[in-house]
Amino acid sequence: MPVAAAKSPTQDCPPFLRWAGSKRRLLPVLKSFWTKNHKRYVEPFAGSACLFFALKPPKAILGDLNPELISTYIEVKYRIDAVLKELSKLPPWNKEEYARLRSLDTSTLEPHVRAARFIYLNRFCFNGIYRTNLKGQFNVPYSGDRCGAMPDDKVFQQCSRRLRSARFVNGDFEAVLERAEKGDLVYMDPPYAVRARRVFREYDPSTFTHEDIARLRSWMERLNAAGINFVVSYAESDEADVLKKNFSYETIAVRRNIAGFAAHRAMTNELLISNI
Ligand SMILES: C[S@@+](CC[C@H](N)C(=O)[O-])C[C@H]1O[C@@H](n2cnc3c(N)ncnc32)[C@H](O)[C@@H]1O
């Protein structure tokens, strides 16, 4: 019998980004995996890093394949005042401004301006999705009227302080896992894998595939053999069966927003697979 996830957990340091597939609803359970024996937190699929912000670990490595995301974390960590100043110039809930920012060539922007652009597009895009075309240009439509307000400066400043304990890796999850050591807690929240190459092409060049699931599985075995604690979250599915084999797991019922509309909200089961 799956345990139901808490409705809307309040968090003393909420993430400053919205993220499709965020595990905020699982936080009360996820937080319980961190113990006083853990010295460092390692998250190779960071996204909005909601567990990192909730835990306040003394040391962390945050990784993600998304270069815009990682460079935004670096700017928020080191140059928060410049990012906030840039954000204050952007009118919220403004479709024209969204279109203008989306069309910019990011390679021409200073890093703090680029971070402000990323934060703005993330706040007012459809469902906090990050998707690019084959040229790597962000192409998610505006959804501003359905989105909440930009977090206030205090949230950004608190996130900036928490990010002081983190180092960042922009790259594939293996590049992060190679750095994992005994005493780390490794939390892995990969995207859901897609089957057909056609679907893969239609969405995003970085979409997770079935080969990636196999790579992840072999890394779980490797971490386990090295005595490194890990937790993997994944929706109940054939792929989850591959990942959970011979490891312990618990099933949590969560409300999932499938297509962004109330009619498509459904309960799904999320598995937390661990060697702890
Ligand atoms: C489900 S999201 C993580 C959400 C996060 N737990 C949160 O609460 O916001 C998965 C993340 O994995 C990243 N990703 C996709 N493929 C990857 C890969 N091969 N290596 C590292 N990160 C990858 C995506 O960019 C995305 O940010």
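Here, residue 1 is simply the first one shown, and the rest follow in order.
Glycine is treated like the rest: Cβ placed from N, Cα and C.
Under DSSP, D189 (S-adenosyl-L-methionine binding site) is assigned to coil, being neither helix nor strand in the three-state scheme. Of all Cβ atoms in the shown protein chains, 23 besides its own fall within 10 Å of the Cβ of D189 (S-adenosyl-L-methionine binding site). The annotation S-adenosyl-L-methionine binding site is assigned in TrEMBL to W19, K23, D64, D189.
Among the residues W19, K23, D64, D189 said to bind S-adenosyl-L-methionine, no two Cα atoms are farther apart than 16 Å. K23 (S-adenosyl-L-methionine binding site) falls outside any helix or strand according to DSSP and counts as coil. A Cβ within 8 Å of the Cβ centre of W19, K23, D64, D189, the residues given for S-adenosyl-L-methionine, is found for these other residues of the same chain: G21, S22, E43, F45, A46, G47, S48, A49, C50. Taking the Cβ of W19 (S-adenosyl-L-methionine binding site) as centre and 10 Å as the limit, one finds 20 other Cβ atoms among all the protein chains shown.
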